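Copied over from Swiss-Prot:
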SIGNAL    1-19  signal peptide
CARBOHYD  120  N-linked glycosylation site
ACT_SITE  220  active site, nucleophile
ACT_SITE  293  active site, proton donor
CARBOHYD  307  N-linked glycosylation site
SITE      359  site 'Transition state stabilizer'
CARBOHYD  443  N-linked glycosylation site
């Protein structure tokens, strides 16, 4: 006997005809964190030549495009997100010639290269900032400056605004005799997008890399780009308190109503998309794309797609699953979050699915190692774009790093009691290629972050040889995405009670595919005839994980599918 509770709302999402589907609309995107992917020169830090050497691996796992975290010239205060030369390659990663060789090899393998673009700020070592601090007329207003306010004879920052990296958003510059704004690190001064020259300068940076051969950009930290306009006297209001937080240095101490998600932000995204369209017209070939990072309310995110008049980001990252799913989430929660995106997405747009990135705890650590395959089934089985962070395909997990060895500035600016809550180092450790020294990442005596202690058990070489390893399950799921049903079929998503997430992909004239995920530790018996319509009496197992006693091509009756604890499978009609 079993309970069958079906979420009432099933979604039938009509997708465009196959002829209308561009390369990215059903693409597999893969994030590379260059410092940690592959070290070719033995300095303990990954580089462009290392990435080029390993591009065949991306081809092996079916990747369509890879976006690289920043590779530009930087003093590395925030590991490349503090850019000093927006048109240069940092020597730690290689040379412009190395980048061009990477582009050429990627083209041979039909893999698109996407670059990380950081619009909110530059490094304080950027020539623009140096000139702005010196008061040069051309660059005087490239950044956000204010002389502050004097209280009881003491000069203070102009507002109470708190940085993402703790402490005041304002730092005093002796040369300029003024405070400059930095929403992040003090070495990351914010650009002033209310100056049209800044907008044009950044659009020119986009053009430069697109003409080099990049196929688009992942745009970093978009909600922070604009602050509320200053009043007639050039001043801004303080932000209100968040009464739930007592630490005045912590970013969450304030409600950031004046420093995030300002309406002009969307207009800037649309302007960046205009550049994409301009270069598409100039160079031709496959479409170039924008991916935007914003942990913003859903109603704001949907506007990133465009407003009916202007085109926006083709791929505004969907962080519903990444940010809101927890270890204790039930199937209803998974289904609700999937529906949140699909039900609110503007007509004609493309969904995307993300479970990991370089800022968030890895799937296996956050949700449990026995849910890794399930999460990959979700991102690779639902319609639209899948996004995988390096190592998630083989089940890499977070690495504990001591306070003494922590290098992430977000954590280093805290203290020994707080750093573990803030550090991103555990998800950025070297990629695990093999059971050789340093997991095959580097032959250096010391790597920039320590290698995971489990690398001899979890690595590409070992998992290639295990039939139901995370890597091989991922590759099977990826191969299945080439089926017409998964490229252009409808989708229905539901929870079958609290433990089982189910979704069906269907297309007239082709097999239907049903994904079943047992999130918890109960044995479940499912009558799919009462869940989905138009399925055959018997179903065939197409993909199984290592919790299953079934094997590929086994048959089962639709009215009595047995799911073991944490089992995740894909079935097809026969």
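Even glycines carry a Cβ here, placed using N, Cα and C.
Each of the glycosylation sites 120, 307, 443 was assessed for Cβ neighbours inside 10 Å, and the highest tally belongs to 120.
The local packing around residue 359 (site 'Transition state stabilizer'), expressed as other Cβ atoms within 10 Å of its Cβ over all shown chains, amounts to 14. The two recorded residues, residue 443 (N-linked glycosylation site) and residue 359 (site 'Transition state stabilizer'), have Cα atoms 26 Å apart. Among the recorded positions 120, 307, 359, not one has its Cα within 10 Å of the Cα of residue 293 (active site, proton donor). Nearest to residue 359 (site 'Transition state stabilizer') in space, judged by Cα atoms and limited to the recorded positions 120, 220, 307, is 220. Separating the Cα atoms of residue 307 (N-linked glycosylation site) and residue 120 (N-linked glycosylation site) is a whole-number distance of 22 Å. A separation of roughly 8 Å, to the nearest angstrom, links the Cα atoms of residue 120 (N-linked glycosylation site) and the residue listed as 'active site, nucleophile'.
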